[in-house]
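Worksheet: one structure, shown below.
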């Protein structure tokens, strides 16, 4: 059976939200608007995102509304009860997460720390949100002397364990993380990811190694990616995507170093012949700029992404569809360091389409997954609606 688009390239600009969601107040996020606040005062233009119609979704600084947008455009609000990366991505692929992952801005509960200490026979130090490099600078020497576990978190629902490779061998650190992963599946903790963070070096000159290992949770149901894989389509995960879904529904995983490397890897994939989807997460917006409330850096990162779009577009095949979206907000002028509950922008375009218009909004990110499933004639997810008819695409 032929499909309207042979390939779909899905790009998630991690945290690039487009205004407070209808239920933002319930998340203490009233007034949040990542794109607007990031671009206020920015003295450069975003010509390629403007041409696609980003400024048609919502009035934005720097990005004007255009008469003839180069993409279908809309915005979606989140149905799931959460505003983290895993929840947003899982919803994009058709799930509705009713029990949110937990974040720990004041560190983990004493009860959990005690359980970790009893289970491992090692004392826990730190137990606070911290930058991974800063925490080993602060406690790395102590850890080497004592063999304690450096346990810390971030603004995401993660528990990270740092240890010097000469003091706690990798196998032991991995074993500890596996056991902590089991502990934290308990609904009272519900931590999205446990991460082994080994490091080497001497006091004053520690470096984290590439032996990091993530212990994620599998999605709580069958995603559109699973359905595509089951139907022998390619699902190429680029960047954080493989980790976010714990490998579920992935046929090939490609690691990335940063946003620009992510775009390089995507363009390499686009040049190859395959049948299915590529799925890229660009994490720098969130990790380097949103959480750090670095408005200028965030705006420049959007500019850098904008500059890569012509190269992507030049390499597309006639029957490719590109979808650009986000997974939550992370307003750089909001209080604290957490994500913000926002609408996500959606831009969809293909070389085979020359006329575009606004699409109706929806109250779930799953409409992205539903559109992809519909395109490939596979089972649609329980949530979301396909946009193919609104796009005027015969299928």
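Heads up, the Cβ atoms here are built off N, Cα and C, so glycines get one too.
Here Swiss-Prot flags 14, 327, 328 as Mn(2+) 1 binding site, drawing on sequence analysis. Per Swiss-Prot, Mn(2+) 2 binding site is recorded for 286, 291, 339, and the stated evidence type is sequence analysis.
On a Cα basis, residue 291 (Mn(2+) 2 binding site) lies 14 Å away from residue 327 (Mn(2+) 1 binding site). Counting other Cβ atoms within 10 Å of each Cβ, the lowest count among the binding-site residues 14, 286, 327 belongs to 14. In sequence order, 15, 83, 84, 155, 286, 290, 328, 329, 330 are the residues of the chain that are 6 or more apart from residue 339 (Mn(2+) 2 binding site) and have a CB within less than 8 Å of its CB.
Sequence-ordered, the extra residues of this chain that approach the Mn(2+) 2 site, with Cβ no more than 8 Å from the Cβ center of 286, 291, 339, are 14, 15, 85, 155, 156, 287, 290, 328, 330, 337, 338. Apart from 14, 327, 328, the residues listed for Mn(2+) 1, the same chain places the Cβ atoms of 12, 13, 15, 16, 17, 85, 88, 89, 286, 326, 329, 330, 339, 344 within 8 Å of the centroid of those Cβ atoms. Cα-Cα distance from residue 291 (Mn(2+) 2 binding site) to residue 14 (Mn(2+) 1 binding site): 11 Å (rounded to the nearest whole number). Cβ neighbour density within 10 Å is lowest for 291 among the binding-site residues 291, 328.
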